[in-house]
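Asker: Supplied in structure tokens, the structure appears directly below.
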């Protein structure tokens, strides 16, 4: 039966069905993440957040989406018309493409490819084109400043991110995301990679916050200094696509951190009661927790100054990751190898 | 596999088209974006060949990092299209000479060396892991050339930094060490303002 789905036109139709199964819940997740963000930050700031549309504001994302769809897309007269409209698409498409390799369970993915980790790293870096092109095509100084900041920030943090992933590779010995999770099986939360690779776990997650342009690293938007940065000139659905891409990337970074460092779909303690709960539930629970951390960070920290961001990326994260790669490399040549692998 | 053949010709056509557009596009920003498209299709061709490591590294390094920096620089140029078009004819002989020389050299290489006679790749074995295969080769058989290439790159990095680093007089920079070392008592001194006893 499995072969039947992998031959001829059935393979195409089966792939489309799998894509729909992933993308529709993802877009719903994005919609309700915006509501969760407003609610969580609201309560942290002793407010209620949206509470008028639907039961306690539960239909607010739908109302927002409808409003954005009916708004006019304004194109500035001196903007480069084609690139101005292409930029939101360039931001949104990579945000969806990365989900092709994401595993939701043992060998459950749209494409369970061998080089999954490399694919994810390569595609996730493409989102910045949307931001850079938007900044340039808008023909506006604020938008351009935002684009420049985004480009510099992305290049700085992608290196630290890549080094953090090298540590995962050294322990898992595979680029296949599904097998990386399986390599963390065994005991419970103490056999996941966050423990031996704790510096990488922190660096990866913080770099993830920086790569998605979220507070406190959101200098590309920086509404207090450069109005709204790269998307200053955008309105309606064109703006909504940037928004969708940012939130889809947030969910993606959280899910990938779960897969790489928090044991993916494994229960935190290996007892029958907890392992009876399906793996997908654990995966989503861990992802939801990391998403909450995203919002928590945003409500807690003030925006970094631009030079501080560059210093953190180049002078702190990169040396820390290189040092820990050496430590892991040495540890793998000692009897500790049996524990780590 | 007819689908693979169709995809090969599709990606090749887009690759050649966008590569041509890189040199014909008037606007440098368009040219760099076309170069990104060309890299992308080259990566797709690598992946069709089963060389997924090379394809993904091409996207990661060239599209994800190099071209971002290229665009960064190109976008800051003051694009004056009329000035860019000036002097096309005066540069034409030199450009043509270099192009012909390049084509000739490539032709010589392909005619005389085994590079021109590589057999078509056989069917790709299922689950071939060429990342591991490349890694094993690079770190055993080709260890010294690989390490030497790495050291040359490191020297180039340091040289580039050393050439461009200049300490200008009179710029105001933050001293991070001094900022981190500050303690509350350096900045605040509490003064007892109680009125003295009469």
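Every residue, even glycine, has its Cβ placed from backbone N, Cα and C.
What TrEMBL says about a protein is an automatic prediction, not a curated fact.
Straight out of TrEMBL:
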type	residues	note
TRANSMEM	A:12-35	transmembrane segment
TRANSMEM	A:82-104	transmembrane segment
TRANSMEM	A:116-138	transmembrane segment
TRANSMEM	A:150-172	transmembrane segment
TRANSMEM	A:192-210	transmembrane segment
TRANSMEM	A:247-267	transmembrane segment
TRANSMEM	A:273-297	transmembrane segment
TRANSMEM	A:309-332	transmembrane segment
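Quick one: how deep are these features, and who are their neighbours?
Answerer: Long-range contacts of the transmembrane segment (A:82-104) within the same chain, counting only residues at least 6 positions beyond its ends with a Cβ under 8 Å from a Cβ of the stretch, are 22-23, 26, 73, 75-76, 110-113, 116-117, 119-120, 123-124, 126-127, 129-131, 133-134, 136-138, 177-178, 181, 233-234, 237-239, 241-242, 244-246, 248-249, 252, 255-256, 259, 264-265, 280, 283.
Counting only same-chain residues 6+ beyond the ends of the transmembrane segment (A:116-138), those with a CB under 8 A from a CB of the stretch are 76, 79-80, 82-84, 86-92, 94-95, 97-98, 100-103, 109, 144-148, 150-151, 154, 158, 161-162, 165, 168-169, 175-178, 180, 211, 213, 220, 229-234, 242, 245, 249, 252, 256, 260.
Listed as Cβ neighbours of the transmembrane segment (A:192-210) (distance under 8 Å, sequence separation of 6 or more from its ends, same chain) are residues 153, 157-158, 160-161, 163-165, 167-168, 171-172, 184, 216-217, 253-254, 256-257, 260-263, 266, 290, 293-294, 297, 309, 313, 317, 320-321, 324, 328, 331, 340.
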Asker: Between the transmembrane segment (A:247-267) and the transmembrane segment (A:12-35), are there three or more CB pairs that fall under 8 A, provided the residues in each pair are separated by 6 or more in sequence?
Answerer: yes
Asker: By Cβ distance under 8 Å, which residues at least 6 away from the ends of the transmembrane segment (A:150-172) in the same chain are close to it?
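Answerer: Distal contacts: 117, 121, 125, 128, 131-132, 135, 179-180, 183-184, 193, 196-197, 200-201, 203-204, 207-208, 210-211, 213, 217, 219-220, 229-230, 260-261, 309-310, 313-314, 317-318, 321-322, 324-325, 328-329, 332, 340-341.
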Asker: Counting only residues 6 or more past its boundaries, what in the same chain has a CB within less than 8 Å of a CB in the transmembrane segment (A:247-267)?
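Answerer: That would be 26-27, 29-30, 33-34, 92, 95-96, 98-99, 102-106, 117, 120, 124, 127, 165, 168, 177, 180-181, 184-185, 188-189, 191-194, 197, 200-201, 204-205, 208-209, 211-212, 214, 274-275, 277, 279-280, 282-283, 286-288, 290-291, 294.
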